[in-house]
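K.L.:
Dumping what TrEMBL says about this protein:
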type: DOMAIN; residues: B:97-307; note: domain 'ABC transmembrane type-1'
type: TRANSMEM; residues: B:12-31; note: transmembrane segment
type: TRANSMEM; residues: B:103-124; note: transmembrane segment
type: TRANSMEM; residues: B:136-163; note: transmembrane segment
type: TRANSMEM; residues: B:183-203; note: transmembrane segment
type: TRANSMEM; residues: B:242-266; note: transmembrane segment
type: TRANSMEM; residues: B:286-307; note: transmembrane segment
Amino acid sequence: MAETTLPAAIAATKPRSYWSRVVARFLKHRLAVIGLCFLTVMGLIVIIGPIVSPYDYDYQDFELIGMPSEFSQSHWLGTDELGRDALTRLIHGGRVSLAVGLAGAVIATLLGTLIGALSGFYRGWVDAVLMRFTDVVMSIPTLPLVLLLSGLFRPSPPLLVAIVGILIWMGTARLVRSQFLALREREFVEAARALGAGGARLMFRHILPNAIGPITVAATLAVGSAIMLESALSFLGFGIQPPVPTWGNLLNSASAWLAVAPWLAIPPGLCILCTVLAVNFVGDGLRDAMEPRE
Amino acid sequence: MSLGYIVRRLLGAIPLLLGISVILFTIIQLAPGGPLDMYAENPSVSPEALAQIAARYGLDQPPPIQYFMWLSAMLTGDWGYSIRTGRPVLGEIVMRLGPTLQLGGLAMLISLLIAVPLGIVSAARRGSRLDSAVTVISFAGISTPVFWLALLLQLLFSVQLGWLPSAGYQSIGDGSFLDRLRYIAMPAAVLSFATIASWSRFIRSGMVDVLNQDYIRTAYAKGRSERGVVAFHALRNAMIPAVTIIAVDFVTIISGAVITETVFAWPGIGRLFMESMNGRDYPMLMGLMMMGSVGIILANIIADLAYASLDPRIRYG
């Protein structure tokens with residue numbers, strides 16, 4: 001027993017920061033690394049793609065209007081029924097879908113962290129009110145509620161992002177609350193309080209950095225949910241409206257031509273699947289890296 | 001578990017439902033366009049007549065009064081009339097509930113039959129090739145967009161192979177079991193796909209926890225075969241945490257039903273919701289949203305009760 005622990009003990013004396021250990025553990029998670037590489041490539045494609053593409057996302061080739069056309073030299077993934085280049089629209093749609101996913105997740109994480117932090121730190125009636133509110137929002141079926149809001153108010157894209165973010169914060173709030181409930185009793189918080197730190201400083205300067213692991217994991221998974229929610233919404237015709245493409249509304253228009261032009265329906269779905277899968281793998285890798293369980 | 005606990009849980013659901021109804025009522029109030037819009041544009045309806053109609057339905061009252069009028073009507077079972085069809089909302093919802101329950105029930109059955117063995121085998125052979133395959137597949141399952149899967153199945157089984165009808169409930173003039181099975185097969189498969197993925201992971205982790213416990217070692221020490229230990233000693237306890245997913249996935253199934261029923265033209269409440277969205281049928285939307293929320297709250301309560309009655313260590317006061 002002693003022989004095996006000794007080298008480990010020596011290794012541990014080498015100064016290695018928390019973050020370098022996190023990175024080392026993350027790199028051991030093969031699927032997470034693959035996922036991260038995939039997301040990086042996808043990110044580069046949607047940023048650079050529209051710049052190098054010879055077409056605009058709403059450019060119509062008048063020779064090809066009327067019917068979707070198949071792959072060709074000039075249109076690698078064919079064109080849709082309005083003669084627009086499918087690859088250009090796919091890449092541009094990815095730009096919109098990824099942006100909505102990221103922004104929605106940021107809103108959800110900020111909101112969830114704020115509500116969870118207040119709830120767990122102040123406890124008492126603040127906690128009771130905020131948690132009952134969380135329960136209420138959690139008890140309304142999410143997709144129908146988003147559909148209702150976007151169908152009745154026809155929001156602009158930024159407002160749509162806000163709606164998506166406002167409906168997926170609840171998990172994060174509960175998580176942050178439980179972290180705060182546990183951390184607020186620790187000695188370092190008491191020490192900071194004894195030194196005269198106020199509520200906001202205690203919460204965001206002392207407690208929050210210690211809860212950053214679970215919050216990062218939740219934020220990553222929220223990107224996946226936000227992309228999924230937006231594409232479902234756009235697929236049903238209540239999200240981002242054409243001619244602006246997103247992966248969801250590309251599938252919506254492709255579904256009408258499924259029997260004639262199945263090649264239009266495959267790529268957008270595949271993009272959603274691979275992106276969300278990659279996000280989930282990265283989330284899983286971060287969980288293993290930032291919250292090691294022995 | 002006592003009757004008192006059940007009663008307390010049900011009473012606890014009341015403020016929750018009140019909160020939900022306030023939120024939904026506010027959303028509908030703020031939405032542009034109201035129930036009188038279709039009269040307002042009609043030149044043969046005078047402003048006086050319009051005011052009379054508004055007064056009759058209490059639409060001239062301030063929103064809080066309207067809310068209480070709506071709430072008391074709702075509690076007595078008067079959920080209003082659909083703007084699209086003119087029929088009572090509650091009756092229409094109950095009528096469309098049948099096909100959704102058939103679809104959801106079948107999807108849950110399929111999920112259980114596939115997810116439970118998958119989870120067990122993957123936990124018993126932890127770290128094996130099969131286990132990693134199951135893990136990757138379940139990740140893929142929760143990452144697959146339901147509507148895309150639906151389109152792919154339609155493409156394969158209806159367009160390419162021509163084996164199954166692409167959408168609908170049953171053939172006209174044919175309502176035989178086999179005919180209806182052909183129609184329900186694809187929507188049920190799509191709806192169960194995501195739940196298979198999350199359930200098998202849940203059952204796997206429950207099983208892994210149980211297999212590490214002392215009483216399992218004791219069972220092995222007694223000389224029981226691995227099959228016996230897993231099937232007899234471990235499974236029963238491993239299934240306990242899995243009941244909580246019923247509540248969680250009830251939401252998934254409701255949301256999934258909206259998409260699945262729309263793609264496959266299945267005449268359930270999910271499709272009714274989309275029809276009502278397109279027709280801006282406010283009373284119907286309100287009724288459906290309330291119904292869905294009640295469903296989620298009940299599913300949560302039932303899951304907690306089942307959890308307590310299956311695990312004697314848990315006592316709710």
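Here the Cβ of each residue, glycine as well, is placed from N, Cα and C on the backbone.
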K.L.:
Should anything in the same chain at least six residues away from the transmembrane segment (B:136-163) have a Cβ under 8 Å from its Cβ atoms, list it; otherwise answer none.
P.N.:
186-187, 189-191, 193-194, 196-198, 200-201, 256, 259-260, 263-264
K.L.:
For the transmembrane segment (B:12-31), I need the partner stretch with the highest count of C-beta pairs below 8 angstroms, choosing only from B:103-124, B:242-266, B:286-307.
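P.N.:
Between the stretches B:103-124, B:242-266, B:286-307, B:286-307 has the largest tally.
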K.L.:
Which of B:103-124, B:242-266, B:286-307 has the most Cβ pairs closer than 8 Å to the transmembrane segment (B:183-203)?
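P.N.:
Highest pair count goes to B:103-124.
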K.L.:
Using a Cβ-Cβ cut-off of under 8 Å, list the residues of the same chain that are 6+ residues beyond the ends of the transmembrane segment (B:103-124) and lie near it.
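P.N.:
Residues 130-131, 134-135, 184, 187-189, 191-192, 195-196, 199-208, 211, 226, 230, 235, 238-239, 253, 257, 260-261, 266, 268.
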